[in-house]
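Novice: I am attaching a structure below and will ask some questions about it afterwards.
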Amino acid sequence: QARSALGPALDKATGTLLYNAAARLRDPKHLGFLVGYIARREILTDLQLSAALEYVRSHPLEPLDVGDFERACGVGVCVTPEQIEEAVEAVIGEHRAELLAERYHFNMGLLMGEARSRLRWADGKTIKNEVDLQVLHLLGPKTEADLEKKTKAAKARPAPAEKQKAAVVENGEVGTETRSLLEQLRGEALKFHKPGENYKTEGYVVTPNTMALLKQHLAITGGQVRTRFPPEPNGILHIGHAKAINFNFGYAKANGGVCFLRYDDTNPEKEEEKYFTAIREMVEWLGYQPYAVTHASDYFDQLYTWALELIHRGQAYVCHQKVEEIKGHNPPPSPWRDRPAEESLRLFEDMRKGKFGEGEATLRMKLMMEDGKMDPVAYRVKFTPHHRTGDKWCIYPTYDYTHCLCDSIEHITHSLCTKEFQARRSSYFWLCNALDVYCPVQWEYGRLNLLYTVVSKRKIIRLVETGAVRDWDDPRLFTLTALRRRGFPPEAINNFCARVGVTVAQATMEPHLLEACAREVLNEQAPRAMAVLEPLKVTITNFPAPKALEVPVPNFPADERRGFHKVPFQPTVYIEETDFREEADKGYKRLAPGQPVGLRHAGYVIAVQNIIKDASGRVIELEVTCTKSDVAEKPKAFIHWVSEPLVCEVRLYERLFLHKNPEDPSEVPGGFLSDLNPDSLHVVHNALVDSSVLSARPFDKFQFERLGYFSVDPDSAEGKMVFNRTVTLKEDPGKA
């Protein structure tokens, strides 16, 4: 019909506009109105179409004012070549001095933008051609200097608080666009709707009750942005959840709103109290405070009442197909789909009373989802007591039923979820509208994945059961509890999420990018200490004092205003075995016979006088003499050392898996458990650490000079501290 109305010669541009209009507007009443304008060639450009769609969405129910509509989208406006020429000439005249100075390095997009603002309905390509022509006339052809890349001005080193920057991810690498997470999430940075303007969102379904419900919603919220973070309490949060936490809490914070922490506790078989506690701890550890902590189970009574209403309205029915029968995207249609509402109400009540066994009956909703799934389940029978409601219920709602209705109850404005839930968007809108309740808007964003790890609950449980890791907080994992135990600061995780950015596309990142964020934060936060992992005893034969000296060591050598701590210095010190060689190779700058080294912070240079070995020929002690640094010849190197140290355990970590994608059968045919790195953990049982760390508590962090950043492990006990290496001081080139 459309083709006959338009005539046989439908040009490509008109066809594209028609396709875009149909794809972007779900309202059939207004779609016909819009198609008429396109068919009559009164809407000619995508710019006009976007303005028309915006106008239609802003007036969802009332009859459209034709005159106002045509003014809003430029119907009948004809922009002549002369007008374009004059507008471009005026803009270039305003920027003439900068153009002559910067020539072709000038931002030509600025000229385009200003010309477009003067002539809103002008064709963009025509404006660009006119800008190019007039710039060429003013400047002449490009010279070699014009073709050279513009050098960037050197940036001043930012203060620590300014370092929390965002970046763009391209091909798994972080770019250099410096926008904080809040800047990425604030106001118009995301093309999200304003509270109460849900109907302006593409695909949002407007019913006769929509505007009244939105008015009530605004009266309750006061126009405030409301988001929620809705984890299932059946596992520990991982690095991917960190992005969700940052996005949900961050969007609310950036726009003066609030964020709920809502536990999706609809599956009592898998939920445990420890998960509830750990989830909230991790949210707060990342620096966010929930506006309210709620549970899906808080609303079980209301959800049940709404299920009855859905059956009354002929939109749900009790079904007896087995789970195996309705799996997949092409299951046979239910023979019970058209059973009378009264019968389904009676059977649903029987489900609630426990008269059906598990799997014998479900309540299903009458709709088709985007992914082809037919009639998703709303309620199923489970004879498992709930941790909060006890044995009150033996039927429990599903995610597809619960999620949007809980959002509606809490008057969420922006329901932010990962991309895989896009297929549920239509069911989200359908269910709220089927019950005539306030309908929030679901927005999707890309998941954050990390290479060299697994994050699925089932697979982490397998790692624990097989003894590959100790528990959910094993520092080799990328759960948030594991990252905290390893010593990653929450700011580093938040900065990493900001650098990944708020993208619709899935981001798969290398662990070394997270490690780089940790180094950046720890460099500013972790006070310095000295530790020796492979000790070699050194005796100073001419020690300059009758008793031990106290050496002041700056907590942060780059900023001594941040204080000092004292370490003992006495005739016996310990250095790293690797800081001594009997024969100095070319390029080797540390201690060797005839090659002295300085002791960091001590103010002394030591020189080897005697090498003591055990029966096997291994060097076990050095006898040295010392000279004050201000009179000795400047040594080639300074090394760290300890004296009167604490004996500690130090755990050094490497990647848990050998391959980037341990779950990919093409990369790891034997399965992820066959890909474990046998060298992922190395324990140093008798490391020596200077006594300045004695009062440290679990999770306190230090930089052990020349070795890396370390965090106190909760396994520490009186008389034996335990440290985890968070990251090395520099990135290992082999891991990049």
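Keep in mind that glycine also has a Cβ here, set from the backbone N, Cα and C atoms.
Unlike curated entries, TrEMBL annotations are predicted automatically.
Values in this document were obtained by computation on a predicted structure and should not be read as measured data.
Quick paste from TrEMBL:
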DOMAIN    9-124  domain 'Glutaminyl-tRNA synthetase class Ib non-specific RNA-binding'
DOMAIN    127-215  domain 'Glutaminyl-tRNA synthetase class Ib non-specific RNA-binding'
DOMAIN    224-523  domain 'Glutamyl/glutaminyl-tRNA synthetase class Ib catalytic'
DOMAIN    526-626  domain 'Glutamyl/glutaminyl-tRNA synthetase class Ib anti-codon binding'
DOMAIN    638-713  domain 'tRNA synthetases class I (E and Q) anti-codon binding'
Novice: Under the DSSP assignment, what numbers of helix, strand and coil residues are found in the domain 'Glutamyl/glutaminyl-tRNA synthetase class Ib anti-codon binding' (526-626)?
Specialist: 6 helix, 52 strand, 43 coil
Novice: Which value does the mean pLDDT take for the domain 'Glutamyl/glutaminyl-tRNA synthetase class Ib catalytic' (224-523) in this predicted structure?
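Specialist: In the predicted model, the domain 'Glutamyl/glutaminyl-tRNA synthetase class Ib catalytic' (224-523) has a mean pLDDT of 93.
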Novice: Taking DSSP states H, G and I as helix and E and B as strand, how many residues of the domain 'Glutaminyl-tRNA synthetase class Ib non-specific RNA-binding' (9-124) are helix, strand and coil?
Specialist: 81 helix, 0 strand, 35 coil
Novice: Would you list the DSSP helix, strand and coil counts for the residues of the domain 'tRNA synthetases class I (E and Q) anti-codon binding' (638-713)?
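Specialist: Per-class counts: 7 helix, 31 strand, 38 coil.
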